Amino acid sequence: MIHNQTMIDQRPAPSNTLGPVAWLRANLFSGPINTLLTLVGLYILYLLLVPTIQWAFINADWVGTTRADCSREGACWVFVNARFTQFIYGLYPRSEIWRANIVFGGFFTLIAWLAIPRLPFKRWVAVFALVGFPIAAYVLLHGGYFDLPRVPTHRWGGLMLTLLLASVGMIGALPIGIVLALGRRSNMPIVKSFCVIFIEFWRGVPLITVLFMASVMLPLFLPSGISVDRLVRALIGLTLFQSAYMAEVIRGGLQAIPRGQEEAAAALGMTYWKRMGLIVLPQALKMMIPGIVNTFISLFKDTTLVMIIGLFDLLGIVQAALSDSNWLGFSLEGYVFAAFVFWIFCFSMSRYSQYLERKLNTGHKR
Amino acid sequence: MSNKKHWVLLASAGIITLTGATTANAATLEDTIERGAVQCGVSDGLPGFSAPDGDGNWQGLDVDICRAVAAAVLGDADAVNYISLNAVERFTALQSGEVDLLSRNTTWTTTRDTTLGLNFAGVTFYDGIGFMVSRDLGISGADELDGAAICIQTGTTTELNVADYFRANDMEFDPIVFDTSEQTVGGFQAGRCDVLTSDTSQLAALRIQLDDPDGAVILPDIISKEPLGPVVRQGDDTWFNIVKWSLFAMLNAEEYGITSENVDEMVNSENPDIARLLGQDGNYGEGMGLEADWAYNIISQVGNYGESFERNVGMGSPLEIERGANALWNQGGFQYAPPIR
């Protein structure tokens, strides 16, 4: 018996357990049934993708200015191209677009500043974003001050209006939601019942009803001769509606914090607001990130409902552009464009929330 | 308690001042002059009647009425605030004073004219249900449609009116019902029906969406009455007169052959009708609180009715709607304006 004293040389793993071939074998062709399903799946994908790509890219028309530039064999992106400014700014006067651009620039700069961890002065930037910027944006967009011509709100529209509705809704709904959630958990009967009634009322009514009430009924209730700007009406309705949902999300987070945390804080002699602000809410808000972002994304998409009260948000302005008799029949292109823009925003929100969760993960993950 | 009331008052006052209150009272004309713009309610996008163009300016037959009123009252056809309204809220907006003039292809009916407290100031477009057929079929009139398969949008009055028409004429038809107007076009295109029916103003817009618009014809027959016109609130007769006569001025201008191009020459015309219309012989705007050149401003800035029709919905537009019932009374249509005298 001869024992081999030396170790066998290390060899690479067999080729059928490594690389893309192995991955395909393990995941897609691991047995006859899976092979069949994979092939059927690929065929369906082929049936769907080929015409889509042909329509959207290969046969599509990209350059031009009128409908005559479109062959109509594929997508006519000329339409989106010709109306792009309008899709972004709505009916905002062309000569005043620089004002909207400043607001857009400030908006995205502030968001980036707050989102990128390395940049300093977060606290001051946040204060400016919540207080200074909205005022500056209002002055710039609406005008009427500093010799800026007035642009009434019925001329605002497009992506600008969508972002405005969504951000005002989000910024307004979060604090109101926190207060409502705390109120609902409070021991004070009047505060508690007010919060419960408020939340259950707004949660029990569809958003479309709220908007219709705000636009059709409210003017009839107001004393004759007084009318509130319809954008303001929509904003108030949207914010109150969202804050009820936000309150329930936050309440869910609050309930996940063990009671001992609050009791320990109370034992240290902290007041209610200190207990909440320093101990409970920081832990709870962190856990609620998925829920809050979920609410924000649904709010962002819900803003399209303002279309029914005659405000031209992104989808509304696309539809209005479709009714231009020079561009009849290009609805598919318009809707695909609107869907794409919405997807970009919602997807980035979702990715950022996942990043935030990873960053703040301090062992709560279960 | 009074303290609480105080707060509510303060808060509402705050909202109102913040958002800019508008006041609606009987003196719409004074308010409009003070504001420097006509508050005009239009649709949220209707081909040929009111839709924003590529530069964000509203265009259309309904929009031209807003412009005509602005030209008559303020001397500037561009001095209009367009408020886009959907079908549900249009009357509330007018009643509550959010708009002073509703020009949003609204059908003149008894209920609207009386119980809703509104006044219709005239008819800008005689609409009604019509039929579109494939040119190959060689059909020239609605009475040849017996046994046809008809594409209809469901839930509209069109469905009922078509059924009534066929029953009254003792004909059969096979309804093919769709949810949206785009689907009806698709159905017609795919050959699922011989005939597509809708309001004639809509038919023209649907026809453009076909792959081969020239392969389809719109039959001349109209089987229902849908007179569309501008609407104002009841209780302000001056304003009602202004809107009414702005439309009449456009119709009279077409009748006398005054267009936006030749109006400056027509000012010197010897024809007494033209002289009165253009304010050269007496001031007929005075009774409405307007300047003598009110009609001149309308015609020079907006054009006469025929020009507006051709530009927005007629042969000069992609819609290519025939004048038909909307021709002047002396050319076989219904459009007739009382004389300016």
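Placed from the backbone N, Cα and C atoms, the Cβ positions cover glycine too.
Feature annotations, reproduced from TrEMBL:
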type	residues	note
TRANSMEM	A:35-57	transmembrane segment
TRANSMEM	A:97-116	transmembrane segment
TRANSMEM	A:123-141	transmembrane segment
DOMAIN	A:159-353	domain 'ABC transmembrane type-1'
TRANSMEM	A:161-182	transmembrane segment
TRANSMEM	A:194-222	transmembrane segment
TRANSMEM	A:276-297	transmembrane segment
TRANSMEM	A:304-322	transmembrane segment
TRANSMEM	A:334-352	transmembrane segment
Segment proximity, the transmembrane segment (A:194-222) to the transmembrane segment (A:304-322), 3 or more C-beta pairs under 8 Å:
yes
Give residue numbers and ranges for long-range contacts of the transmembrane segment (A:123-141): same chain, 6 or more residues beyond its ends, CB-CB under 8 A.
99-100, 102-103, 106-107, 110, 113-114, 148, 151, 156, 168, 171
By Cβ distance under 8 Å, which residues at least 6 away from the ends of the transmembrane segment (A:35-57) in the same chain are close to it?
28-29, 74-75, 336
